[in-house]
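> One structure follows; several queries about it will come next.
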């Protein structure tokens, strides 16, 4: 990757593109390809599979996949802006003319990319929280769930999540971004680094921490409910048709629950290096070692979006319902079986279960 230079009165400043390492660029493109293929298959599978994967629960997974696939154009745009000279590694001690020239390039680029990353990430976190609440109701209050939780209301909830993410992101990044000084905008590596400390420390990060905490509490309660119902069904099973349906739905709930919990856990694991690096490493400073910009920060940055490609693999590995649906759609695409939409018609009762 080429470097740009500008001469100052006493020294020459090297302006390296944000994505300077060839290895980092290669990893980013691999993430793009995997996320595009995996989430496209998931979306296609959910649209074509009406029964067998949970009639209502499938709407949440569809929403997660839509959020994950939005990471692909965002990452492509960021790579393109970096290569085109609109995003640089942190810059210090620029002359006024040079600083304003670079500032006007990075201002729009940083605001755009930070917003495009926040939008699907926030949507994904809140969707996972909605899934937890949905499972709590489905398992703990099945009659009320069947009566009050309809497909339309789930879609309305998911649309509200998208709107919230869109408007909160607009305030956090678009409005705030235009208030930031040129000096602060140019000493950032990740697009979100330009946020003022009070916005980052008291609004953005608590927002994310509360979402993770809410997910943890809700999924723990749902886990206890599933476990209690499983013990109760074992004690009172009579072998009737109703008991068989209840047992099958309970197993499906367990598979779906395990799949979604794994999604949350991997998300936390992938975000951990980012949080650790930003709390202990001397980043965005004049004396920061170059390996932080060239290797460490790009790596932990890429880790934060790795859920976008790994989630479809988790669905297939941990839930045989989704694995079966994936296989059916893939076989249909290559001509092995008719590319039909309906399957497991005998399991229509899963419309109120996961």
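Cβ coordinates come from backbone N, Cα and C, glycine included.
Unlike curated records, TrEMBL annotations are generated automatically.
For 26-47, 59-81, 115-133, 154-182, 202-222, 256-278, 298-318, the entry in TrEMBL reads transmembrane segment. Sequence annotations record features per position, and here TrEMBL assigns domain 'G-protein coupled receptors family 1 profile' to 38-315.
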> When each of 59-81, 154-182, 202-222, 256-278 is checked against the transmembrane segment (298-318) for Cβ pairs under 8 Å, which one has the most?
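Going through each listed stretch, the top one turns out to be 256-278.
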> Average the per-residue pLDDT over the domain 'G-protein coupled receptors family 1 profile' (38-315) and send me the rounded value.
85
> Rank 59-81, 115-133, 154-182 by Cβ pairs under 8 Å to the transmembrane segment (202-222) and hand me the top one.
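The listed stretch sharing the most Cβ pairs with the transmembrane segment (202-222) is 115-133.
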> Are there residues at least six beyond either end of the transmembrane segment (115-133) with Cβ under 8 Å to its Cβ atoms? List them, or say none.
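Residues 57, 60, 63-64, 67-68, 70-71, 73-74, 77, 157-158, 161-162, 164-166, 168-170, 172-174, 191-192, 207-208, 211-212, 214-215, 218-219, 222, 260, 263-264, 267, 304-305, 307-308 contact the transmembrane segment (115-133) from elsewhere in the chain.
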> Should anything in the same chain at least six residues away from the transmembrane segment (26-47) have a Cβ under 8 Å from its Cβ atoms, list it; otherwise answer none.
19, 53, 58, 61-62, 65-66, 68-69, 71-72, 75-76, 79, 299, 302, 305-306, 308-309, 311-313, 315, 322, 325-326, 329-330, 341
